[in-house]
Amino acid sequence: MSDINFKAPAGALSPPIDMQNEGLRRGAKIWYRKNSHTWLPAELRCNFDSDIATVSIQIEGESQVQDVESFNILPSNPSLQSGIPDLTHLSYLNEPSILHNLAERYVQDEIYTFAGPVLIALNPCKPLPLYTQDLANKYKSGARDYTNSLKPHVYLIAANAFRKMVREGQSQSLIVNGESGAGKTETTKKAMQYFAALAGGTGIEDQILETNPILEAFGNAKTLRNHNSSRFGKLIQIHFNKSHHMSGATIKTYLLEKSRVVRQQMGERSYHIFYQLIRGCPPEERQSLHLPMTVDGFHYLNRSNCARIDGVDDAAEFRGVCHALREIGVSEEERLQVFSLLSGVLWLGNLEFEANEADHNNDSTKVKQNPALTHASHLLGVSQTLLVSALTTKRIQAAGEIIVKLLSVEESRDSRDALAKAIYAAVFDWIVMAINRRLDI
């Protein structure tokens, strides 16, 4: 056995003695909780009695016997059960036993484990030969239920859902859940690819897969834990015809992290599309979009000390996004309008405000004169006067009258950021609408 390290919940209290410990005898293999982060394999050196507050144990690899509090031990499973593919088959289904079983499988590159009908997937953080066509065919022909001899795999979950839909004529759902960096997006993509192989023949599957680089460009960003973290929720509805071939799809999104447009933590990036646009924009479009060659000059991008991702070519990614946009039916005019709005958002972030010295009450704000105002208003398609007014004043309706409230410098900055977030969210929603327009066949 090996040490099991894990992060316990903040403020966790000592648990009561576990009922699983009842009947443990001297020589039983157990887990000992050394601290809130570590379980150690050990051997019980006395018979367990729930009326006794302490028990004697010997930690594996140590010669000394020590007395520990009874609530800090849990029974261990026999070595025969180490690394089994379904957690529900463990004799003891406690926390250290689950973690140990997952760890044993992980070191053997077995990243999938069943917990009954639930599939647990661990991010291997490296390529593995788990998604070949031969393997897909194996699960396609052999899928029955999660108790069969096939190894745990996302293909098996997808195949079972498809077969149940066909057999019962009812819609099925796959819920992919996990923390940031767990591999939710990649797991969803693998399930989509498998559905395409399973029910192909219409071409819609290729169009669905073509949406991935688009949604990742506009909805994903580098975080401290994940270089390609999805910053929005996504529900994909795949439609099948009576022949059980894909006939269409709908993508619904929610909870886009709009705040990332205007600020990021140190070491993180804004949405990929901004960096792709700046580094990949062709010369003939760069001039009209007023884009420099680097991100350094943009307030919304240059404060997190992170402009690049190791091993990622933003310019090449941009070309892939443009190709995917064409594939889903976005015209060149629409594409340029989208990029114009994105460039406008970046220039909007460069607007600076100062107190209006002409206002003796020092209540009003004006925009400092710099190229940002000219570029932002041009790219967003509004006059400079209207843009300045929208950012430095607020209209309030009271008693049937419109009252114009002057905003402070700080309030104007907040108004600028709110506008930038609203524009980006509108662009994102339009992109999703364009995707659905293409997939609605």
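Keep in mind that glycine also has a Cβ here, set from the backbone N, Cα and C atoms.
For Gly178, Glu179, Ser180, Gly181, Ala182, Gly183, Lys184, Thr185, the entry in TrEMBL reads ATP binding site. For Lys184 (ATP binding site), the same-chain residues 6+ apart in sequence whose C-beta sits under 8 angstroms from its C-beta are Val176, Asn177, Gly178, Ser230.
Annotated domain 'Myosin motor' per TrEMBL: 82-441, in sequence order.
Taken together, the residues of the domain 'Myosin motor' (82-441) have an average pLDDT of 91. The ATP site, placed at the center of the C-beta atoms of Gly178, Glu179, Ser180, Gly181, Ala182, Gly183, Lys184, Thr185, has further neighbours from the same chain whose C-beta lies within 8 angstroms: Asn123, Asn226, Ser229. When Cβ neighbours within 10 Å are tallied across all protein chains shown, the highest count among the binding-site residues Gly178, Gly181 belongs to Gly181.
Annotation note: Ala182 (ATP binding site) sits in a coil segment as assigned by DSSP. Around the Cβ of Ser180 (ATP binding site), 12 further Cβ atoms fall within 10 Å across all displayed protein chains.
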